[in-house]
Structure formats: structure tokens, C-alpha cells
Amino acid sequence: MVFSRRGGLGARDLLLWLLLLAAWEVGSGQLHYSIPEEAKHGTFVGRVAQDLGLELAELVPRLFRVASKTHRDLLEVNLQNGILFVNSRIDREELCQWSAECSIHLELIADRPLQVFHVEVKVKDINDNPPVFRGREQIIFIPESRLLNSRFPIEGAADADIGANALLTYTLSPSDYFSLDVEASDELSKSLWLELRKYLDREETPELHLLLTATDGGKPELQGTVELLITVLDVNDNAPLFDQAVYRVHLLETTANGTLVTTLNASDADEGVNGEVVFSFDSGISRDIQEKFKVDSSSGEIRLIDKLDYEETKSYEIQVKAVDKGSPPMSNHCKVLVKVLDVNDNAPELAVTSLYLPIREDAPLSTVIALITVSDRDSGANGQVTCSLMPHVPFKLVSTFKNYYSLVLDSALDRESLSVYELVVTARDGGSPSLWATARVSVEVADVNDNAPAFAQPEYTVFVKENNPPGCHIFTVSARDADAQENALVSYSLVERRVGERALSNYVSVHAESGKVYALQPLDHEELELLQFQVSARDAGVPPLGSNVTLQVFVLDENDNAPALLAPRVGGTIGAVSELVPRLVGAGHVVAKVRAVDADSGYNAWLSYELQPAAGGARIPFRVGLYTGEISTTRVLDEADLSRYRLLVLVKDHGEPALTATATVLVSLVESGQAPKASSRASVGVAGPEAALVDVNVYLIIAICAVSSLLVLTLLLYTALRCSVPPTEGAYVPGKPTLVCSSALGSWSNSQQRRQRVCSSEGPPKTDLMAFSPGLSPSLNTSERNEQPEANLDLSGNPRQPNPDWRYSASLRAGMHSSVHLEEAGILRAGPGGPDQQWPTVSSATPEPEAGEVSPPVGAGVNSNSWTFKYGPGNPKQSGPGELPDKFIIPGSPAIISIRQEPTNSQIDKSDFITFGKKEETKKKKKKKKGNKTQEKKEKGNSTTDNSDQ
């Protein structure tokens, strides 16, 4: 803008005021534009994007749009250049009628993030409406007797424009009789009068035709005309006169129908009929006034006949005419101004727009959820509206502009606590009494994967019988996820690990959807007592969340193993055992002992022995111990007894159903003077096919002696090497038993240790020597694994002979096959979390004092097949805590290990040997210097003797 220097200080002041005005508009947060009405389509209004500080490139992605409901189609924004333009015809008179100020209020909304801008477009009036009179002509009756300067009212024109465009000037066509007199009222309206300038003469001029022209102040000027038809009357020369030219009345918009508005008073100086006045509305009155009011023609009372509404029309201007009954009648006019007063009869209105739903439960605070617009048709305090939100919700209302509010997030959301919020927004005006309105906003909370699947308990215990069919269902795990939809879709899987040397997936599987756990193969209690593993539950969210649960599957024992007899094998099968018994032995003499084991556990492995009746019901002088299996005489044998007895011993376990095995014992009575070897040979000769066994035993003795000699040399060589080479730490650490379950809760060890069978000679294998090989722990370090084989090899690379401390004694080899004598039941717990099982216990008061006795394991964590044997009378004291027993039996196997050297001067009790009829004399041991070799040879000799006995 360029100012002339002539302007001086005035131009500077104008520039300063313009700058201050622009700064105020920017600070108010609203843009202001102005356009003339009737602008063509596409007319430029303003660069709204540039003025709002928005980039043109972000208009389309942010869905920049006009959101006003009332005037949305009048103006539009070009998203390509950000220009606000005229979209359809704008008529100021249609928008604002007679209002002096006319503006279009627009709401411009941009998403991501949500922003609201307010634009006010002022509509400028143009002179597009000419002045208009109500009719094409006005008829005026004027008596000829009227005096000069008499005035006669005429109706003016109306212009729909405002301002200068509605400022009317009137001109009257030239006339000798009348001139135009214009008066301006305080309501900015003009009253027109015809003033008589010359006496009328009806006979000379009965009618006059004048042209009244109204011209507005617009550019270009517009005009309107009306023809005035003046009829000159005779006689009645006094018109009615009102006591007031203008009547002013105020009515509440709630005024009831029939209420008296005002009473008009008019008088006529004439007498008689010429003085009677009749009231009526002017002929040019609007239809709206005729529907709202009525006037009594005789009394002049104006009454209300319809409801008023301040919001529709705030004031009424009523033209009332008083006409006398003279001939011709004379009339006069007055004006009644009715102002309608506002009453708080309109409740506020709420509109919820631009909902940003659903909202994520992890949405940040102050996130805009919705826009709320309030309005009230009342005015003043009755139209002032305040908004509020229901309490105790994580939302709040923020006033962004007059009558505009934003619903924003005030605190953190949790869909699992509440997934939908039903909000109530209340708008209340300032009237008395105040009116209010409510709007409900349903806010749905979208789920976020913030909850992992949870199991009902951290660990489950399952009991499964062994020998289950493959693929059987053993348990169902279930996890619940508090999230929704995909975030709550749980899938299950195994946490893979190894069970021994096999993968966990070889034993069990879990269905991914249902959580059912299946056993893929038959489980064997004798191989696996406890299977502990974890099942993982994972949801389908992004990122996925998961948790684990531990399953402890206890495999319950079934009676699926029959008792197995431990006896010498002939031709690969268990044959009959032949025993020689001297005649004339006393009652209770132990003839033989039937040895059997059962691979099951508990009552399924508790064996009892029964002697089957002889053929023909003959009585036999023998009996068998119910739980020991020892065959003894029931009386003193004499010459009358048979020389040979065939005894059938039935071995039966206590399972359901019970399984059995039968042992055959051939007892031959010989003279007491015969040597045991001769008796043995005689029995073998009687047996027939057993004669060849004697020769085998002879060769076996020779082989054992050779092996013993080689063992002594090996030990000497090994000792020399050990003295010359520093020992390697960890090379001789015994391995730990292989664990079925490797969890931190504790585990049960295998009841069946790994066994290695060693045969002393070629031919049919015999269980003469059982070497214990403990399973090595998988956690051994590399040096232990590398050095372990060196402990078992000599310098030549050949396997070394076993240590003499790990051999059997003759008594142990004989006693290891004996059954346990059980009298009462005790309780053995399988360790933490394991099942409680009833176990038989051992009584020290056995009826056979010479027989072997056992004590059951007591306390948690002891293997179910581990039993401590006691031999000989007197029931020796058991080893206390921290003491090592002299002998122990390998669980699940017939091997008994001697871990201590026998005392050199102690005698071996005869009850430690099972001679099956042969007496073994007591031998004294040499001193400790020569004790090892002598004892080793003696034990080998005893083994040979036992083999020959068998």
C-alpha cells in the first residue's frame, strides 16, 4: 500500500491502526475475510492455507476440509492451491435478512493431528435490490374542505439492502396542489406526508394522479415508483385523531394467546356518523402480523392471537388506521411498535463431530478424541452455555473457542479394566431457571497386546499308568489371556529339552490350539518314573507375549513283569536245581534257597514263595519261607524218607493280577559221611544232563586263576604308573546317576542303573560277576571326558581288570538273590512333589534267625528298589548318617558291591554263604599285608565253588 506524503501523520496513523487490527486478528485465532454478495462461482476469497501456516502438500493427506453444517456449500477450499473460493450463490438478504452485519462462520478441520481453524467471512452488501412499494397505486381520499397545509400520510417503499444501499430519497411529480413532506423517525424509518398547498375544488378537479418515486443511495442508483390516486371528497371535513402517533409495547415471548397488547384511542371532531371511528389494520400490513395480532374495530383493542418467538422475530411494527363513517370517510394512522422480550425457553444444543475412535489403550495423554459444538437460540445470559463431563472418567473437556470444546484423554486407559466408556456431556445455559441438554459419546478402547497368557497355577502334577497306548491324552493345559482378538489367541508348544539321550518330543506332544498333552509312546515305570517338562503358551499379538508352566508326569507302576528266577542256566534256559542233603539232619535245616527278582516296584515287586503239594497228596518233610524262599526241613529226616524229592516252588508277586513263576528243586538224601563234592557229583550223575557242568566248572576255575594272576600284574603296573605320573584332578570322580528330571525342584534317580555284564569264559553267559557302571553326568567338563577312558586302560591300550574292592564276596553273591522278609507296611515318599506310595517294611524279628534280613529305605528321595541287607543272627547295627555301609545292593540289579575290606582276623559267618546242603569250614584270613591277594584268590575260589554248586 502506497501513501502520499501529503497524508502526513494521518497516513501513518492509519497504517498503525491497520497493523494493530491485523495483530489482534492473528492473536484471536480466527481468520477474517470479506466478499461482496452475489459473487460468481470461483471468486477468490483468501489464501486460507497460507494464512493458517499450512503447507500445500499436507492438505490432502490431512483431509483438510470445511466442516460447518449450515454454510458448508457456500464456500470451499481448493486443496491444490489452498485458496478459499465461492462455491455457490451468496445472497446477503437471504442469509441475514435485515441484520446490519452479515458473516459466514466456517470451521476448517485438518486430521493427523486433529486441528480446528475458525474463519469468518463478512458478506458485503451490494445494491442489488430496488426500492419496492407494496402496491402499484395508492388511493387517497381528501375532502375538499381541507385546509391548506393539511397533511395526508402515504406509505413509503422498502429496500432489502442495508446501509447506503437502503437509504431512500423520495420525489413527487410536479403538482400545484400537493408537496411531499418527509419526516425521519427514531427507528431510522421515514414517514411520508402529502401537504396541501392549494385548496381543492371537487367540481374543478375531482381526481389527481401523482407519481411518487423512491431512489436508494447505492451505485448505481435504483428506483421504485407508485401512482398516487387522489380523490377529492365533499362534506366530511374532520378526520379521526389518535392521542399518540406511536404506541410502544413490550411482550414476553411466552405471553399467552388472547392477551391485551394495547388499546388505541382516536377521536373525531365531527358529529354523528362522521364522528364514529372504525379501527383496522392498514391494508399493506404483512400476513405475519395479521396471524399474530387482531384489532377490535370499535374499541381499538389489539390482542395477541398466536404465540410469539423471540428467536424468529424480535419486534413488530403495526400500522393501524382509524376511519370515520362520514361520507366520504376520513382516516388517520398510527404506529404500534411491539418489542418481544427473550425468555429462557430453549435448551442448549450439542453436536459431536470428528470422532477419533476407537482409541488405543496406550494412547498418550491429551489425545483429542472428539469435537463438541454447543449452541443456544436464546440471547444474553440465557444463551451463554457451559459444558461439563461426567466425573470419574479418564477424559476431560477443553474449551478451544467460543462454544467449541475438545474431548481429550486425561489419564491412562486399560482395556482389560473397561473396554467401552459411555460418556455423558452436559451443556447448561445461564438462564433462571437454567436449561440443559446432554449428549452421549461412546468411546471404544482398542486393545494393545500388553498381557501375556497366564496359567491357573505355575505347576501341574499328572499321574499316568505305564503301558499307555501311543497317542493317549494325559492332560490339558489352559492359559488365559486378558487381551482381545488376536492378542488373546493362545497357542501351546513344548519347551524342548532332552530326557536322557532322547528328545522330549519323542515322549510327549502338545496340541497347539487346545493345549492337550499326548503321550507319543508307551511309558515304562521301570525306565522312567518321573517326566518333568514345560509347556509354553504364546499369544498372537505383535510383539507376541508368552509364559511357561511346568508339568510333572509321574508314571505309575503296573504289574507287567513276572518274577524272574535267579538260578544257573543250562542250555540258555532255567533248569532244575539239584541239592544233596545228609540224612538225619535236624528240623529247620536249610536245604536250598530259591532266588527271584521282580522288575516292578512296590507291591508289584513284593514276592512270596509257596511249596506246591506233592503228587498224590503225599506229605513232604520240607517247607519254604513265605518271603525268604529258603527251603528247610520240617522235621528230622530218617531212613524212612524217600531218597529223592522233586519240589515245586511257586513264586508270586502281590500285583493285580498276580504274576507267578515256578522253580524246580531236586533234593537227594545222602549219607552224612559223603563229601560235598562227591555228593554234588552224585547228584549231577543222577541228573543226567547236568554231568557236563562239572567239567565246565573245572575249566572255569582254571580260567579265573589265570585272570586273577593277570589282574595282580595289572594292578602292580598301574600302581607304578600312578606313582610316576601326577594325578589329574577329576579323572576318578564317579559319575552321577542319570536323572529323569533335571529341574531345580529336585529329581528322582533311575531305579535301574546301567549294568555291564562280564563273562569269565566263552560259552553260555553266566551272571558270575556284575560290574557296576554308574551313568556319567552330562555336566562333566571336557577334561573329565577326555581323561575318563585313561582310568580304564593300561599302557597296552587293553581294558584294565576291575578293582578288587568292587568284587562280590561269596556271602554277598549268595545273599543278593534272597528275597526280603516283609511284615508291615511303611510309607516311602518319592521326593518333593512325588506321589506317596505304600512300601513294605522289614522286621528284625524273623522266624529264621539264620536267614538274611533287609531293612526298607526310609525317607524321601531314596530309590524304590534300594534295600540294605543284614545277615546272620544278632541283627547288626545299621550304618548311621555319614557312615558307609560294608555292602550295598545295586538298585534294580542283583549286584551287591563290597566297598570295604574284610577284617583280617574276622571270620566269615556261615550264614553269609548259601551252600545248599554243603558246610563251609571257617577260614582265617592272613594279615593285611598279604590280605588283598589272598582274599582275592579266596573270593575267586568261592565264586568257583558257588558255580560248581549251582
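Placement of Cβ uses the backbone N, Cα and C atoms for every residue, glycine included.
Here the structure is a predicted model, which means the values were calculated and not measured.
Per Swiss-Prot, the features are:
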DOMAIN    30-133  domain 'Cadherin 1'
DOMAIN    157-242  domain 'Cadherin 2'
CARBOHYD  N257  N-linked glycosylation site
CARBOHYD  N265  N-linked glycosylation site
CARBOHYD  N548  N-linked glycosylation site
REGION    734-894  region '5 X 4 AA repeats of P-X-X-P'
REGION    752-808  region 'Disordered'
REGION    828-856  region 'Disordered'
REGION    871-890  region 'Disordered'
REGION    900-950  region 'Disordered'
REPEAT    734-737  repeat 'PXXP 1'
REPEAT    799-802  repeat 'PXXP 2'
REPEAT    832-835  repeat 'PXXP 3'
REPEAT    873-876  repeat 'PXXP 4'
REPEAT    891-894  repeat 'PXXP 5'
SIGNAL    1-29  signal peptide
TOPO_DOM  30-697  topological domain 'Extracellular'
TOPO_DOM  719-950  topological domain 'Cytoplasmic'
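Under the three-state DSSP scheme, N548 (N-linked glycosylation site) falls in the strand class.
Across the domain 'Cadherin 1' (30-133), DSSP helix (H, G, I), strand (E, B) and coil residues number 13 helix, 39 strand, 52 coil.
Sequence-distant contacts (6 or more apart, same chain, Cβ under 8 Å) of N265 (N-linked glycosylation site) comprise F242, D243, Q244, G300. For the glycosylation sites N257, N548, the largest tally of other C-beta atoms within 10 A is found at N548.
Residue counts for the domain 'Cadherin 2' (157-242) under DSSP, split into helix (H, G, I), strand (E, B) and coil, are 4 helix, 41 strand, 41 coil. Under the DSSP three-state reduction, N265 (N-linked glycosylation site) is assigned to coil, being neither helix nor strand. Cα of N257 (N-linked glycosylation site) to Cα of N548 (N-linked glycosylation site): a distance of 81 Å.
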